[in-house]
Amino acid sequence: MRASAGYPIITLNEFIINRQSEHPEARGDLSRLLHHIGVAAKIVNKKINKAGLVDILGEAGDVNVQGEDVQKLDVFANDHFTAALQASGEVCAIASEENQEIITFDEGLSRDGHYVFCMDPLDGSSNIEVNVSVGTIFSIYRRLSPEGEPAELSDFLQTGEHQVAAGYVIYGSSTTLVYTTGNGVDGFTLDPGIGEFCLSHSGIRTPETGRIYSINEGNYVHFPIGVKKYIKYCQEIDPNSGRPYTSRYIGSLVSDFHRNLLKGGIFIYPQTQSAPRGKLRLIYECNPIAFIAEQAGGTATNGITRTVELHPQGLHQRVPFYVGSRSMVDKAHEFLNTYH
Ligand code: P6P
């Protein structure tokens, strides 16, 4: 097949198989799990693409014209990722933004699963009604508790350094799955024509610096003084470019992070008076994004400590989040350290 015919297309499954063949000792269980994540992402993507037809589909809780119960899309995403993880047979327990407590194999997960799975099944779901991109974020750890026994909370309170894989799916103008297993970061864009995630961003490296800062400046009055000073720094004329930085804020973590990952930039969700620990969740938002950022050459902290070194105290714990190009996060730290 001529290369110019758009080949070789490398599908997600082919990429997973190729990567696994580089590690003959691998049992293939993580590969199987990643495959099922891809399947769930396709199912959620299909549903989200119909979300704009709300008059036909009905609001969550309604019965639509087909007589079907309309689900909230984040519940739909949670259910389908859970079903995919059950089908994989590789996961013994799940922590989800949608569930107050962990779910274990008494709800269909595998007693012999080697992994525990953390997810925000549909982050930013309130943006769907205004057609803003949203995402799924996930993080995978090896279980610590004895195999065959119910998973324990401690399985989920590992530091982010112990993640075996992490990723996100961004349901936007195109649907892209980005993940790492600790060997760099790769992105796959869904080709609806063939129903496959195809390698589109191989070996993502985030620029060491950038000109984009992402923060909800509506909270300015509630920010720590160091954050206020950093924002003013971003708005001054940069001697290297002769102009200020650019402010870009979508209000959807995966969208803001994905843009900055590719173009360079910093995303900040600091503590505020109304959110003294920040807003974003450590286990299923900040840690997976931090793992990806660091694997791509960037950095992620709570303003003081690497995010992945923070010891989780609870499933839904919130932390301040500074993530992106290394030199930009370092500069923000300078202002945080200088102004208290
Ligand atoms: P704010 C979406 O609700 C979310 O959890 C993240 O995706 C996003 O980065 C953040 O909240 C936006 O929060 O307070 O700026 O609207």
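Placement of Cβ uses the backbone N, Cα and C atoms for every residue, glycine included.
Values in this document were obtained by computation on a predicted structure and should not be read as measured data.
Substrate binds ASP123, GLY124, SER125, SER126, ASN216, LYS279 as TrEMBL records it, and from the list TYR179, TYR245, TYR249, TYR322 the residue named for this site is TYR249. Annotated Mg(2+) 2 binding in TrEMBL involves ASP120, ASP123 plus, out of the candidates GLU14, GLU236, GLU285, the residue GLU285. Per TrEMBL, the Mg(2+) 1 site holds ASP120, LEU122; the candidate it also names there, chosen from GLU97, GLU98, GLU101, is GLU97.
Listed in sequence order, LYS72, LEU73, ASP74, ALA77, VAL134 are the same-chain residues at least 6 apart in sequence whose CB falls under 8 Å from the CB of SER125 (substrate binding site).
Each residue in the domain 'Fructose-1-6-bisphosphatase class 1 C-terminal' (207-336) gets a DSSP state, and the totals come to 55 helix, 23 strand, 52 coil. Apart from the site residues ASP120, ASP123, GLU285, the chain places the Cβ of GLU97, MET119, GLY124, GLY135, THR136, ILE137, LEU253, VAL254, LEU280, ARG281, TYR284 no farther than 8 Å from the centroid of the site's Cβ atoms, the recorded Mg(2+) 2 location. The binding-site residues under consideration are ASP123, GLY124. Their Cβ neighbour counts within 10 Å are lowest for GLY124. With a cut-off of 6 Å between Cβ and the nearest atom of ligand 1, the binding-site residues ASP120, LEU122, GLY124, TYR249, GLU285 reduce to GLY124. Neighbours of ASN216 (substrate binding site), defined as other CB atoms within 10 A of its CB across all chains, total 15.
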